[in-house]
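**Q** There's a structure below that I have some questions on.
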Amino acid sequence: MDLENKMKKMGLGHEQGFGAPCLKCKEKCEGFELHFWRKICRNCKCGQEEHDVFMSNEEDRKVGKLFEDTKYTTLIAKLKTDGIPMYKRNVMILTNPVPAKKNVSINTVTYEWAPPVQNQALARRYMQMLPRNKQPVAGSEGAQYRKKQLAKQLPAHDQDPSKCHELTPNEVKQMEQFVKKYKNEALGVGDVKLPSEMDVKPGDRSSLDGGDRGTTAEVGAVEDKSSADKKEDYSCYCCKQSMKEGDPAVYAERAGYDKFWHPACFICNTCSELLVDMIYFWKNGKLFCGRHYCDSEKPRCAGCDELIFSNEYTQAEDQNWHLKHFCCFDCDSILAGEIYVMVDNKPICKPCYVRNHAVICQGCHNAIDPEVQRVTYNNFNWHATEECFLCSCCSKCLIGQKFIPIEAMLFCSVECKKMMMS
């Protein structure tokens with residue numbers, strides 16, 4: 001019965017988002033179909049985050065599980081039905097005040113996430129300081145960006161063994177210990193405040209609880225009540241530029257409250273992307289997203305994208321691979337001991353390379369085997385043989401000789417060129 005339930009869960013996982021269009025490949029993709037272990041679409045090879053898959057509840061569960069058994073439990077709520085922790089992200093709805101007139105609709109803007117602060121004017125100013133294409137306004141490019149970063153920065157398979165492929169009991173135990181360790185030592189959530197508010201060290205930090213799941217506020221101005229008493233030159237820990245008076249800053253408790261960042265500077269040290277929902281990992285004086293923090297601690301399989309907890313794994317092409325996952329990216333055949341070619345940083349077996357990726361010889365019009373020599377000029381290729389790399393007029397072999405190129409044609413002399421072109 002347990003096996004049946006596990007198989008059912010696995011099936012449901014692979015059905016999620018099935019058929020969703022790819023936002024990157026458009027009509028070239030037949031629709032999302034999850035590869036059995038690669039975590040990409042079998043049709044177009046793009047990740048699930050590149051497809052138009054509705055993942056709101058799934059992402060809230062993932063972040064909820066991340067915050068479980070941490071000091072950030074105020075940001076989650078457990079469902080009464082199954083006890084699954086759900087992320088209580090703060091949804092902010094801003095209402096622009098308009099003159100009292102008849103038949104005038106109220107202009108509202110909904111942010112799918114906003115910093116959980118009580119001063120909503122401060123939260124609004126925080127949003128204004130982000131690049132417009134990264135502001136998570138519902139239905140916008142920024143909302144799509146946030147969704148993509150949730151998938152990229154916080155992979156479910158970096159924290160939940162059940163999301164991984166065929167872990168041994170020992171690997172499950174190692175992963176659970178690893179997750180517990182980074183929750184205790186590195187995980188944090190940014191806090192938004194005015195720098196001047198931090199002149200006095202807080203004896204009791206303001207609660208991280210975002211309150212109700214949805215918050216409505218009127219647009220107003222940010223008011224810094226303490227700025228009149230004392231003005232300081234505050235500089236961003238990332239860009240070293242000064243903070244403008246009245247502008248909010250982001251703090252990371254694990255970094256210490258003497259450090260703060262512009263909202264747009266609160267980024268991962270490796271990928272330089274905004275830390276999604278201000279969720280960070282602190283290590284050696286640097287901010288990381290979840291993915292790149294884990295990469296700094298454990299090898300990651302370039303095949304399945306999971307962290308490697310086994311003592312035995314393969315290293316090839318400056319990447320790490322589970323032994324069973326060093327496979328052809330096109331056909332999944334094992335490549336150990338086989339000839340392969342790297343295409344876009346992915347290993348391809350020789351038959352698939354010749355069939356799908358090989359360049360075509362302009363001389364014989366056949367695919368060029370990856371193991372044979374070839375001549376390349378601009379975007380044209382030839383076998384480096386007497387039969388293929390020759391003058392288009394007199395058929396003289398041009399290997400080691402000067403030649404005159406005209407598109408895909410080659411000439412040994414001006415005379416041959418004139419004769420052929422006349």
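Yeah, the Cβs are placed from backbone N, Cα and C, and that goes for glycine too.
Marked as compositional bias 'Basic and acidic residues' by Swiss-Prot: 194-212. What Swiss-Prot records for 92-199 is domain 'PET', and it gives sequence analysis as the kind of evidence. The feature domain 'LIM zinc-binding 1' is assigned by Swiss-Prot to 234-297, with sequence analysis given as support. Annotated domain 'LIM zinc-binding 2' per Swiss-Prot: 299-359, in sequence order. Marked as domain 'LIM zinc-binding 3' by Swiss-Prot: 362-422. Look at Swiss-Prot and you will find 135-162, 194-226 tagged as region 'Disordered'.
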**Q** What does DSSP give as the helix, strand and coil breakdown of the region 'Disordered' (135-162)?
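**A** Going by DSSP assignments, the region 'Disordered' (135-162) contains 18 helix, 1 strand, 9 coil.
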**Q** Calculate the per-residue pLDDT averaged over the domain 'LIM zinc-binding 1' (234-297) and state the result as an integer.
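**A** Mean model confidence (pLDDT) across the domain 'LIM zinc-binding 1' (234-297) is 96.
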**Q** Determine how many residues of the domain 'LIM zinc-binding 2' (299-359) DSSP places in helix, in strand and in coil.
**A** 11 helix, 19 strand, 31 coil
